[in-house]
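Reviewing the structure listed below.
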Amino acid sequence: MQFVDELISDFDKALRVINGVVFESRPNPGRGLPDGVMSEAEKRHAAGLMRVNNVGEVCAQALYDAQGRFAQKAEIKNAFARAGIEEEDHLAWTAERLRELGSHTSLLNPLWYGGAYVLGSIAARLGDARNLGFVSETERQVEHHLMGHLDKLPAQDNRSRAIVDQMRIDEIEHGQAARDLGAAEMPAPVKGLMKAMAKVMTTVAYRI
């Protein structure tokens with residue numbers, strides 16, 4: 001019975017995330033900031049970058065849900081739950097910014113979510129240390145990616161920049177929390193594969 005309840009809960013969460021029905025526990029850091037004037041090309045570029053970030057948060061929801069579901073220790077399950085709440089903030093913030101820019105979330109969100117959930121399930125089955133190691137490396141790569149977006153976003157796009165900067169701060173904390181809980185270092189080939197997969201996702205999500 002518990003397994004069925006958990007399955008229903010996960011399915012409900014997936015539907016909410018895919019359809020953008022999410023809630024923020026903290027105010028959007030970009031809300032209310034004055035936006036500078038942007039050309040249509042700059043708006044499209046900013047929207048593409050924020051769509052990539054939104055997809056990253058869709059994946060984060062799936063990863064953390066799966067990793068927390070199949071983690072072995074209660075302490076680690078709770079850590080994933082706490083981080084997932086902050087990641088849901090990011091999802092809500094990026095979706096709001098996309099609407100402000102007159103754009104939309106990725107049409108492939110069901111695919112992104114499903115793929116990430118499978119990856120998270122596999123990582124969790126490898127044991128808590130490797131499960132946390134996957135988080136640590138993911139957050140390290142995401143931090144690097146967000147730093148790149150701060151360089152690429154239009155200088156006058158104050159709202160997007162505020163959102164991305166707070167996301168970056170949160171991802172650093174999530175990675176450190178995973179290491180504090182005993183994350184194992186991921187092998188170099190695995191890191192390379194993760195980076196390659198992220199490259200495919202960011203390239204496609206920028207456009208679709």
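Counting begins at 1 with the first residue displayed.
Even glycines carry a Cβ here, placed using N, Cα and C.
From a predicted model like this one, the values you see are computed outputs, not experimental measurements.
Annotation comment: Swiss-Prot describes Glu57, Glu87, His90, Glu171 as Fe cation 1 binding site, evidence class sequence analysis. Among the features that Swiss-Prot reports, Fe cation 2 binding site is placed at Glu87, Glu139, Glu171, His174, with the record citing sequence analysis.
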Site of maximum Cβ density within 10 Å, from binding-site residues His90, His174: His90
Remaining residues near the recorded Fe cation 1 site, that is with C-beta within 8 Å of the centroid of the site residues Glu57, Glu87, His90, Glu171: Gly56, Ala60, Glu86, Glu88, Asp89, Leu91, Val142, Met167, Asp170
Cβ neighbours of Glu171 (Fe cation 1 binding site) where a neighbour is any other Cβ within 10 Å: 25
For Glu139 (Fe cation 2 binding site), the one of Glu57, Glu87, His90, Glu171 that lies nearest, given that the binding-site residues are compared by Cα: Glu171
Other same-chain residues whose Cβ falls within 8 Å of the Cβ centroid of Glu87, Glu139, Glu171, His174, the recorded Fe cation 2 site, in sequence order: Ala60, Ala83, Glu86, Val135, Thr138, Val142, Asp170, Ile172, Glu173, Gly175
Neighbouring C-beta atoms (10 Å sphere around the C-beta of Glu57 (Fe cation 1 binding site)): 24
In three-state DSSP terms, the structure that Glu57 (Fe cation 1 binding site) belongs to: helix
Residue, out of the binding-site residues Glu87, Glu139, whose Cβ gathers the largest set of other Cβ atoms within 10 Å: Glu87
Rounded to the nearest Å - Cα separation of Glu57 (Fe cation 1 binding site) and His174 (Fe cation 2 binding site): 13
Glu87 (Fe cation 1 binding site) versus His174 (Fe cation 2 binding site) - Cα distance in angstrom: 10
